[in-house]
Amino acid sequence: MAVTIMDHPLIHHKLGIMRRKATSTKEFRDLVSEVAMLICYEATRKLPLTDIEIETPLVKTIAKEIEGKKLCIVPILRAGLHMADGILNLIPNAKVGHVGLYRNEETLEPVEYFCKLPSDAAEREIFVVDPMLATGGSAVAAIDILKKRGITKFHFLCLIAAPEGVDRLTKAHPDIDIYIGNLDERLNENGYILPGLGDAGDRIYGTK
Ligand SMILES: O=P(O)(O)OC[C@H]1O[C@H](OP(=O)(O)OP(=O)(O)O)[C@H](O)[C@@H]1O
Ligand SMILES: O=c1cc[nH]c(=O)[nH]1
Ligand SMILES: [Mg+2]
């Protein structure tokens, strides 16, 4: 298990635009996909490669391709959907599963409402994606759900995390790799990340 905090100028710059309250819904949504792609670049660094023989216009040679290609992206609904869209630009043949969770506004605990996975999900390497890791309740619940369905190989990708969420996720699931766009300061009394960017789902879909 490893926690990787991305420290990259492009990610800092794009998150800075996303955090501004004046940023439009369209711009925010596009940036979710872009930052997800940048984090995915790092999260896929250790994927195993295999040699294959190919022909260039000049000669036969040995090229490399991703071994097995057994990948699956699992966005946590709703806000994870646009991260998945971005990642599919890089890994267009990945399968996609969906886990639907929302936070109860009073208890802050996640409520499950949907789960649909590829039939061979248990054989796949899974990339769970959600822009916000706040209390960590949603990420822990999503991985609980996926583990019950036989999945064993996980990466969790988020744009912004609070230390409280990282702590809860690493304690509940010490076996997964976590990739974080930026580690923010803390949670406020309503469970929102500070400085954060507000409610990611509402900002992606314009629902507030
Ligand atoms: O770490 P936690 O404290 O669980 O909070 C993070 C969760 O909250 C947000 O989803 P939300 O419940 O607002 O649902 P939505 O994506 O449908 O807006 C976010 O996208 C995470 O799933
Ligand atoms: O800051 C937060 C915390 C939870 N969910 C969000 O969308 N934003
Ligand atoms: Mg939301």
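Cβ coordinates come from backbone N, Cα and C, glycine included.
TrEMBL labels come from automatic prediction, so no person has curated them.
Features as listed in TrEMBL:
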DOMAIN    6-207  domain 'Phosphoribosyltransferase'
BINDING   R78, R103, D130, P131, M132, L133, A134, T135, G136, G137, S138, D199  5-phospho-alpha-D-ribose 1-diphosphate binding site
BINDING   I193, G198, D199, A200  uracil binding site
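Its Cβ placed at the centre, A134 (5-phospho-alpha-D-ribose 1-diphosphate binding site) has 26 other Cβ atoms within 10 Å. The distance from the Cα of M132 (5-phospho-alpha-D-ribose 1-diphosphate binding site) to the Cα of D199 (uracil binding site) comes to 9 Å. Among the binding-site residues I193, G198, D199, A200, the ones whose Cα sits within 10 Å of the Cα of R78 (5-phospho-alpha-D-ribose 1-diphosphate binding site) are A200, in sequence order. When the neighbouring Cβ atoms lying within 10 Å are counted for each of the binding-site residues (G136, G198), the highest count belongs to G136.
In sequence order, the binding-site residues near I193 (uracil binding site) (Cα within 10 Å of its Cα) are A134, drawn from D130, A134, G136, S138. For the binding-site residues listed here (D130, D199), the lowest count of other CB atoms within 10 A around the CB belongs to D199. Candidate binding-site residues: R78, D130, M132, G136, I193, D199. Those with a Cβ under 6 Å from ligand 3, in sequence order, are D199.
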